[in-house]
Amino acid sequence: MTNLLRVSLDIGDKDPTNHPRFKNTVESIKSFSKLNNKLVVIAHYKRPGGKYIANLSLKRFVPYLEKSLGKKIIFLDNPRSAGDAIASSKNGSVFLLENIRFFKGETGNDKTFIKLLSSLGDKYINDDFPDAHRAHASTYGLAKVMSSQMGPHLKEELFRLTHAIHSPRQPAILILGGAKADEKISIVNKLLGKVNHVLLGGVVANNLLRARGVNIGKSVYDKKAISFAKKLANKEKVVTPLDWTVNKNSVVDIGPYTIAEYKRIISNAKTIIWNGPLGRTENPLFAKGTQKIARAIFINKKAHVLIGGGDTLASISPPKNAKNVFISTGGGAMLTFLAGKKLPAVEALNKIKR
């Protein structure tokens, strides 16, 4: 019996062991690696565009996985030659397949490539929430042709997000920052009736400020989202920055009055959903607003907190073992779900006839 396990290893260049996605991957491997079966782990890293790029290889994860799991990981550099290695191995073996996006059939959900991948195992398990919004061969196609199941981390993400959206404890607030303004403004429109306040920062806030007639200088904004932003500009629940930090005539962070007002609103909240930093956090000088807001959130022990987005998580230090805080590993998948859109990988699993 060989299981194919789809996980997320799309993690930055540094030591991955403290990243939530890596921790979930280790837990998933432990859950599905048994003495009486073999396990083939499938993942991707960044966007190589269907070709081999040495510094995007998953081989770098092997020593980290071996140390975390306390067992040998067998690296497979090509699915086309992997079948023999899997067949000749002992039960209990764990394999890591090379970056699945090195192969052209992956992102196009190619039928021939799906057939090749499915030939490597007997059952497919998807435990990869961050890529649930992708209809790729290893996230969508395999579920259509193999005996399949949803992994525990994917289930928990869906449960937590569903609960936060459909039955939030009141007062509830939504905090949105970062880029992808068009997506996030559509989320504001979708959830406005279920939250008490929407606190904005980053490019999302720039769009609303511009729509309200504020001069934002050379600040980045999304032209596609301006017309939608104008429809939300006069909504009382939508809170934009009162002041900001400026660098080279561009808004780079929220200001002290904004931080104080956001902290006041956060202190009374019982549900907090957050996606996207509130400033240009790649520069530590402009990460102060995001970090102060994070501390205000973590002080509020009575609130159910759900935080997601790679840039957000890279900018803050969530408390360990905080029962009221859930860290979502999804960025785009979380946004897709919050916008009320379907997740192709989940749809494929849900349509399986059992």
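Using N, Cα and C of the backbone, Cβ positions are placed for all residues, glycine too.
Copied over from TrEMBL:
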type: BINDING; residues: Lys184, Glu282, Gly309, Gly310, Asp311, Thr312; note: ATP binding site
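Gly310 (ATP binding site) counts 19 other C-beta atoms within 10 Å of its own C-beta, drawing on all protein chains shown.
The binding-site residues listed here are Glu282, Asp311; among them, Asp311 has the most other Cβ atoms within 10 Å of its own Cβ. For Thr312 (ATP binding site), the Cβ neighbour count at a 10 Å cut-off comes to 24, with all displayed protein chains included.
Secondary structure at Gly310 (ATP binding site), as computed by DSSP, is helix. Glu282 (ATP binding site) falls within neither a helix nor a strand when secondary structure is assigned with DSSP, and so counts as coil.
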